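Below is one structure, written out as structure tokens, with a few remarks after it.
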Amino acid sequence: MNSLLMITACLALVGTVWAKEGYLVNHSTGCKYECYKLGDNDYCLRECKQQYGKGAGGYCYAFGCWCTHLYEQAVVWPLPKKTCNGK
């Protein structure tokens, strides 16, 4: 019984730690949201929260808004069968 409880607790913890992350994407163009102030960035944080909910985080990484703490079905860049501006 104790072993089952420990396994369940570990699986719940792993699910929490391994949340999805990725670049914020514009669904109409297929492009990443650009940013220029690397690191903590109010713009990226605001856009990630607006698109993915209050629990999401965001910062500027490699000149694109990187969102954290996303739900597993969240759509992030790159979009399947859609390239940025047809490139």
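Here, residue 1 is simply the first one shown, and the rest follow in order.
Backbone N, Cα and C define each Cβ position, glycine as well.
Pulled from Swiss-Prot, these are the features on record:
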type: DISULFID; residues: Cys31-Cys84; note: disulfide bond
type: DISULFID; residues: Cys35-Cys60; note: disulfide bond
type: DISULFID; residues: Cys44-Cys65; note: disulfide bond
type: DISULFID; residues: Cys48-Cys67; note: disulfide bond
type: DOMAIN; residues: 20-85; note: domain 'LCN-type CS-alpha/beta'
type: MOD_RES; residues: Asn85; note: asparagine amide
type: SIGNAL; residues: 1-19; note: signal peptide
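Overlay of Swiss-Prot feature records on the structure.
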| residue | record | DSSP class |
| --- | --- | --- |
| Cys31 | disulfide bond | coil |
| Cys44 | disulfide bond | helix |
| Cys60 | disulfide bond | strand |
| Cys65 | disulfide bond | strand |
| Cys84 | disulfide bond | helix |
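Calculated from their C-alpha atoms, the gap between Cys84 (disulfide bond) and Cys35 (disulfide bond) amounts to 16 Å. Distance between Cα atoms for Cys35 (disulfide bond) and Cys44 (disulfide bond): 7 Å, as a whole number.
Of all the recorded positions given, namely Cys31, Cys48, Asn85, none has its Cα within 10 Å of the Cα of Cys60 (disulfide bond). With every protein chain in view, the residue among the disulfide-bonded residues Cys35, Cys48 whose Cβ has the most Cβ partners within 10 Å turns out to be Cys48. In space, Cys31 is the closest of the disulfide-bonded residues Cys31, Cys44, Cys48 to the residue listed as 'asparagine amide', judged by Cα positions.
Counted within 10 Å of its Cβ, the other Cβ atoms near Cys60 (disulfide bond) come to 21, all protein chains included.
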